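**Student:** Here it is, the structure, as structure tokens.
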Amino acid sequence: MSLWSSVKFAQRYAQLPKVFYRLVTPQPLDNNRWVIWNGELAQGFALPKHADDPQLLSVFSGAEPFSAFKPLAMKYAGHQFGVYNPDLGDGRGLLLGEMQNQQGQWFDIHLKGAGLTPFSRMGDGRAVLRSTLREYLCSEAMAALGIETTRALGMMVSDTPVYREQVEQGACLIRLAQTHIRFGHFEHFFYTEQYDELRLLADNVIEWYMPECTAHDKPYLAMFEQVVARTATMIAQWQAVGFAHGVMNTDNMSILGQTFDYGPFGFLDDYEPGYICNHSDYQGRYAFDQQPRVALWNLSALAHALSPLIERDDLELALAQYEPTLGKVFSQLMRQKLGLLSQQEGDSELFNAMFALLAENHTDYTRFFRTLSQLDREDEQTVIDLFIDRDAAHGWLSRYLERVAMEQTASGEAKSAQQRCEQMRAVNPKYILRNYLAQQAIDKAQQGDFSEVHTLAKLLKNPYDEQAEMEAYAHLPPEWGKKMVISCSS
């Protein structure tokens, strides 16, 4: 029985006119070998759990031609740090084709680090071990946290030298995503006045990903409304979990509201609203607390690109739904994190007082919520001890517990502290991919030891579980590991 006999492939994007892409032959790395294969994800596509068959490596690395694949580099544009750049496209990654999972959903197969393309500009078309490991681990960590994201099927390392600030090992990532269509795809066709192609792109987005929009009187408007809602939801999830993307250019924004293009990202350690994780972000444009604003800016840029298809008034009305949607979803997530069942007057003030307290005391964001989730097992003092200003912490905690008691009294189904805390532990992770943990795995991997990569990958699949034997990974970061800023070079 063939390795591929049960796998369903397609090449829908390759059926579009040639102006949408360029066909490119992958340039395999030297002595490619697996670092990690995501067996659980692979099984969902009828692929084997273990990557023992050498054909898996040769096909997914691009070393062996495969009839189901038609490798191509997409053309797009985008606003980078607010400045329009028309000269973008897949500069080091290739869309190989699509696979269908067992739920009937199609996923793009994208090989990142596949070599030069017509859109490589001054680059070499390669990805390095360091950044590839970070993307693999973070995309899978985000999926386990329940946040919309691209996925990682596997990654490889090679003997090919890649020249960045220093010589590094070349690597490749097999990224799966429901689409690789970005805001920047629409911007490219708009700014080059290729309006027929703009319409064709919108038609295919609707057909492939949002077929329900066809029943709408204004299907293009319905499509944009979905993009707005999905983006608002994604940003609310980022802010709730403490995730900073680092480089929210419009070419890094998925039209399906999925976290996309992991680069200089970071999870909050101490709660610092203005946290900047990208060392190239000198102005703090993409700081943690700016992400909601930037996403709206990006949606406005997309709206401008869609103006040949959608009336201006309709675009403005759709954009006006972004902030209410973001606020509603974020408040729901905060109530879940605090174990509150219902919405009550004064909740916003409670949240704002909490954020102010966390910021003033430089309290670890993830540990605070996880400790609050342990109040059925621990004394209140364990929460208060997280803060420098213990009196202020005691005051907020008393207010919070009054809010919990008031809800239980007012509601018909009062929950016990144990029930409430169990529900809180299911939404407040114990383990996140702190930058220092990723760096420790990278340091070992660069010496040829991938054990820490596998340890982290296993740990982060179940971020809400106690995993007592892994307790050290929940510790606060050492001083050198706090507020790490990451390079965009990958």
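Just so it is clear, glycine is given a Cβ too, placed from its N, Cα and C backbone atoms.
Annotations for this protein, taken from Swiss-Prot, read as follows:
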type     : residues                                                            : note
ACT_SITE : Asp251                                                              : active site, proton acceptor
BINDING  : Gly89, Gly91, Arg92, Lys112, Asp124, Gly125, Arg175, Arg182, Asp261 : ATP binding site
BINDING  : Asn252, Asp261                                                      : Mg(2+) binding site
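On this model, are these features tucked inside or out on the surface, and what's nearby?
**Tutor:** Taking the Cβ of Asp251 (active site, proton acceptor) as reference, residues of its chain lying under 8 Å away and at least six apart in sequence are, in sequence order, Tyr76, Ala77, Gly78, His79, Gln80, Asn85, Leu88, Arg182, Phe183, Gly184, Asp261. When secondary structure is read from DSSP and collapsed to three states, Asp251 (active site, proton acceptor) falls in the helix class.
When secondary structure is read from DSSP and collapsed to three states, Asp261 (ATP binding site) falls in the coil class.
Sequence-distant contacts of Asn252 (Mg(2+) binding site), defined by Cβ-Cβ distance under 8 angstroms and a gap of at least six in the same chain, are Gly78, Arg182, His245, Phe260, Asp261, Gly263.
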**Student:** Among all the protein chains here, how many other CB atoms are within 10 A of the CB of Arg92 (ATP binding site)?
**Tutor:** 21
**Student:** Sorted by position, what residues of the same chain at least six away from Gly89 (ATP binding site) have a C-beta under 8 A from it?
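**Tutor:** Gly89 (ATP binding site) has long-range Cβ partners Arg22, Ala73, Met74, Lys75, Tyr76, Thr117, Pro118, Phe119.
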**Student:** Within a 10 Å radius around the Cβ, which one of these binding-site residues has the most neighbouring Cβ atoms: Asp124, Asp261?
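**Tutor:** When each Cβ's neighbours within 10 Å are tallied, Asp261 leads.
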**Student:** Near Arg175 (ATP binding site), how many other Cβ atoms are within 10 Å of its Cβ?
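**Tutor:** Its Cβ has 27 other Cβ atoms within 10 Å.
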